[in-house]
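> I have a structure I would like to understand better, so I am pasting it below and will then ask my questions one at a time.
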């Protein structure tokens, strides 16, 4: 049991994914179109979306650089590694 707990803690730290980054993309209930970035847990990349301006959650970043820094991943527009 202790081994499993340690394994999951190490796995979580090694992937470096902030819990906020696992939240779903939420456009919000208002109708603005602010360009923002969110971490897509399916593609494991930061991707652009249009934020409505109200509501939402913590998986909402003003810049691509901020998303990559917080979530520790490449962006969708980054060149693929060989």
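Backbone N, Cα and C define each Cβ position, glycine as well.
Got these off Swiss-Prot a minute ago, pasting:
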SIGNAL    1-16  signal peptide
DISULFID  21-71  disulfide bond
DOMAIN    21-71  domain 'BPTI/Kunitz inhibitor'
DISULFID  30-54  disulfide bond
DISULFID  46-67  disulfide bond
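Quick one: where do these features end up spatially?
Look at residue 71 (disulfide bond): DSSP puts it in a helix.
Summarising the environment of residue 30 (disulfide bond), the number of other Cβ atoms within 10 Å of its Cβ, over all protein chains shown, is 13.
Here the Cβ of residue 46 (disulfide bond) has 27 other Cβ atoms within 10 Å, regardless of which shown protein chain they belong to.
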> Mind checking which of 21, 71 has the fewest other CB atoms within 10 A of its CB? They're the disulfide-bonded residues.
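Counting other Cβ atoms within 10 Å of each of the disulfide-bonded residues 21, 71, the minimum falls on 21.
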> Take the Cβ of residue 67 (disulfide bond) and count every other Cβ within 10 Å, whichever protein chain it belongs to.
25
> Here's one to test understanding: among the disulfide-bonded residues 30, 46, 54, whose C-alpha is closest in space to the C-alpha of residue 71 (disulfide bond)?
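For residue 71 (disulfide bond), the closest Cα among 30, 46, 54 is found at 46.
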